[in-house]
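Enquirer: Found this in Swiss-Prot, in case it helps:
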- Asp21, Leu22, Asn23, Arg36, His59, Leu60, Gly61, Arg62, Arg113, Arg146: substrate binding site (BINDING)
- Lys197, Glu314, Gly340, Gly341, Asp342, Thr343: ATP binding site (BINDING)
Amino acid sequence: MSVIKMTDLDLAGKRVLIRADLNVPVKDGKVTSDARIRASLPTIETALKQGAKVMVTSHLGRPTEGEYNEEFSLLPVVNYLKDKLSAPVRLAKDYLDGVEIAAGELVVLENVRFNKGEKKDDETLSKKYAALCDVYVMDAFGTAHRAQASTHGVGKFAPIACAGPLLSAELEALGKALGNPARPMVAIVGGSKVSTKLTVLGALSKIADQLIVGGGIANTFVAAQGNNVGKSLYEADLIPEAKRLLETCDIPVPTDVRVATEFSETATATLKPANQIKDDEQILDLGDESAERLAEILKNAKTILWNGPVGVFEFPNFRKGTEIVARAIAESEAFSIAGGGDTLAAIDLFGIADQISYISTGGGAFLEFVEGKKLPAVVMLEERAKQ
């Protein structure tokens, strides 16, 4: 995958437009989780240190396109950046006709979704973004799967279009895990629905030496073995697909599970064999035996790709399976890559972020890359690198 990297360019005196992912949760005008901004800081600081005239922009939330809405303003992000950077930082609301900017200054361009045509990758808007800069830096992996004006169109018209350090690292880590993985490679796909992850399972079944399923996805596999799953979340119409995957891949299906008679935080967990579930029960977690069997598999892995929890870990009584699996990944010597919102929440809960080799910032983009789909932003950067 050959793209121009920001780190290979001399940015001194250049107008640099960075498309970052600053889509953070905001409450009462304050940023409540700064992970995405923190991840973007090194890119911004590198450009500032080189004496570039730096602009950074992002989307935030889902405002009505083309309309200014204070609720979705990047102002809280600007205030956060003022605290963290020694450089002067200001917000520009009207910037499509040009921005006055000094070297070593950071100008945050207001929410791109306030601009009509952003989501449709409008060419006129893309050219306006491109006219603002000498160098366009795509650094938002989380939106790389969307062809929009600020993530894709602008790169076609900017004098130079390159990948920022965050995007480069993401592509490198995914390439390492999927392109030429150290073996054995183990892939864990959890979460609630098989249908949304079927293509992922199919793609991974061709790459991984061992496929592991968890959560609602595993329930469909338990049912595919002819077991009653009671009120469990599962997808009856996908049982034939689960059977096909079981025939072609070695997938360890849970042999024991934790069940409850209601889906609630206070529900009592009952540990039982997976083939003895009653009609009024639902599977909410793996049993100890099943979780330990997965931990054993993970211990011997050389590459681990983790997407999705293996139980309803948000409920304390149904957390154990995900915790056993998470700690096994953390303690493994394998190159481990984790992605997806629920996965990141589990990593935070168990405090193992430092023990995962690479944590992906992209949800949908992460899954599409794993499926083998071409991400529009990456395709654009590759094409620009050839010119």
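Backbone N, Cα and C define each Cβ position, glycine as well.
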Enquirer: What is the interatomic distance between the Cα atoms of Arg113 (substrate binding site) and Gly341 (ATP binding site), given in whole Å?
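Expert: Distance between the two Cα atoms comes out at 22 Å.
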Enquirer: Tell me which of the binding-site residues Gly61, Gly340, Gly341 sits in the most Cβ-dense spot, judged by other Cβ atoms within 10 Å.
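Expert: Top count of Cβ atoms within 10 Å goes to Gly340.
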Enquirer: Substrate site residues Asp21, Leu22, Asn23, Arg36, His59, Leu60, Gly61, Arg62, Arg113, Arg146: biggest Cα-Cα distance, Å?
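Expert: Largest Cα to Cα distance for the substrate-binding set is 18 Å.
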Enquirer: Find, for the listed binding-site residues Asn23, Thr343, the residue with the lowest Cβ contact count at a 10 Å cut-off, counting only other Cβ atoms.
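Expert: Selected from the binding-site residues Asn23, Thr343 on minimum Cβ neighbours within 10 Å: Asn23.
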Enquirer: Going by DSSP, give the three-state secondary structure for Glu314 (ATP binding site).
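Expert: Where Glu314 (ATP binding site) sits, the three-state DSSP reduction gives coil.
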Enquirer: Applying a 10 Å Cβ distance cut-off over all chains shown, what neighbour count does His59 (substrate binding site) have?
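Expert: Other Cβ atoms found within 10 Å: 26.
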